[in-house]
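> Pasting in a structure now, in structure tokens, and then I'll have a few things to ask.
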Amino acid sequence: MEKRFIYADNAATTAVSEEVLSAMLPYFRTAYGNASSIYKLGRDAQRDVELAREKVAKALGAEPREIYFTSCGSESDNWAIKGTAELMAKKGKKHIVTSVFEHHAVLHTCEYLEKHGYEVTYVPVNDKGLIDPEDVRKAVREDTALVTIMYANNEIGTIQPIEEIAAVCREKGVLFHTDAVQAVGHVDIDVHKQGIDMLSLSGHKIHAQKGIGAIYIRKGIVLPNLVHGGGQERGKRAGTENVPAIVGLGVAIEAAVRNTAEKAAIIIPRRNRIIDELLKIPYTRLNGDREKRLPGNINISFEGIEGESLLLMLDLNGICASSGSACTSGSLDPSHVLLSIGLKHAVAHGSLRLSIEEDVSDEDVEYIIETIPKVVQRLRSMSPVWERMMKGEKYD
């Protein structure tokens with residue numbers, strides 16, 4: 001009997017789609033020209049890079065000249081935050097506002113700036129992981145250079161009130177950046193209508209290859225060059241263009257934003273069924289807001305067990321999942337995201353993240369809700385923490 005395989009970790013990465021792979025292949029063997037070369041092979045490559053730029057721009061409601069290709073979402077975040085910090089420092093503005101539960105690409109960049117003379121204010125989230133725009137308003141100062149708030153959280157899927165936060169920034173005359181790596185393709189985005197000044201995205205979250213990303217920078221914002229060298233990316237990011245990856249990103253984002261409502265209508269009922277069934281397990285809680293969350297995100301904590309053990313057991317049963325973000329899954333520290341919404345360390349350690357797409361069928365859903373309770377029960381039967389809980393003893 002063939003072993004069942006269910007991939008439920010799309011927030012960590014996604015498979016390259018057949019459509020994207022087919023679009024990329026010619027650029028490895030036949031259309032391999034350097035996009036900076038003036039002969040036809042190079043001109044064709046440059047044309048296709050610009051076509052991909054147009055696709056990314058259209059998907060975001062931006063203009064092509066506002067799109068720059070990068071290697072990943074983390075690079076885009078670094079450029080937006082460090083670039084703005086350098087730009088605004090010349091005007092005496094050395095204060096950044098962000099939240100306590102951003103991706104580490106944002107948090108660690110802010111920590112870097114703190115070590116180099118900048119001040120950072122970390123606004124809180126409520127127990128559902130939502131930011132109050134009024135907290136952002138209170139945090140903004142005369143010397144604030146940038147507000148950077150993620151669009152949707154990578155662990156608990158909470159979707160932030162981006163338009164309201166952007167409106168606060170616009171009112172205060174402060175630039176606003178959002179890490180939308182998890183949001184693109186799952187929610188409708190229009191950077192101009194929403195008042196977003198800068199936005200980061202990553203290809204491998206939307207079925208493009210790893211190692212390609214992009215950043216939207218509103219026209220009129222002139223960030224310092226990210227990489228010095230040749231004139232690629234209008235002189236802002238030197239280095240020979242990764243044409244196959246760029247073309248793939250264009251195809252991927254075009255597909256990702258196609259029929260988002262229809263895709264969500266398929267995924268959300270499956271997500272809700274999993275949540276409803278798993279919450280029947282005693283001493284279990286849903287992390288994040290029930291409604292204001294990404295369509296395929298499920299994050300649940302099971303008291304009395306370790307997330308790592310849960311993942312290993314699920315893997316043996318053919319289910320790929322996560323206990324937090326893949327970037328930190330090797331760490332024994334509890335998720336900073338879960339701690340920020342008020343979970344105790346022991347409860348945060350027992351978290352499970354499932355991130356599903358349309359390819360997780362109704363049959364797969366039934367297997368998931370049949371398997372996980374059995375695994376949780378088995379782990380609890382071996383857990384000294386669970387035993388202490390049942391005796392009413394403190395365990396955290």
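Just so you know, the numbers here start at 1 and follow the chain as drawn.
Even glycines carry a Cβ here, placed using N, Cα and C.
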> Among Q46, Q182, Q377, which residue does Swiss-Prot name as a further pyridoxal 5'-phosphate binder in the site formed by G73, S74, N154, S202, G203, H204, T240?
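Swiss-Prot names Q182 for this pyridoxal 5'-phosphate site.
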> If I take the alpha carbons of K205 (N6-(pyridoxal phosphate)lysine) and S74 (pyridoxal 5'-phosphate binding site), what is the distance between them in whole Å?
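Cα to Cα, K205 (N6-(pyridoxal phosphate)lysine) and S74 (pyridoxal 5'-phosphate binding site) are separated by 13 Å.
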> Of all the binding-site residues given, S74, T240, which residue's CB has the most CB neighbours within 10 A?
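Of the binding-site residues S74, T240, the highest Cβ count within 10 Å belongs to S74.
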> In the three-state scheme derived from DSSP, which category covers S202 (pyridoxal 5'-phosphate binding site)?
strand
> Largest pairwise Cα distance, Å, within the listed pyridoxal 5'-phosphate binders G73, S74, N154, Q182, S202, G203, H204, T240?
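The widest Cα-Cα gap among those binding residues is 31 Å.
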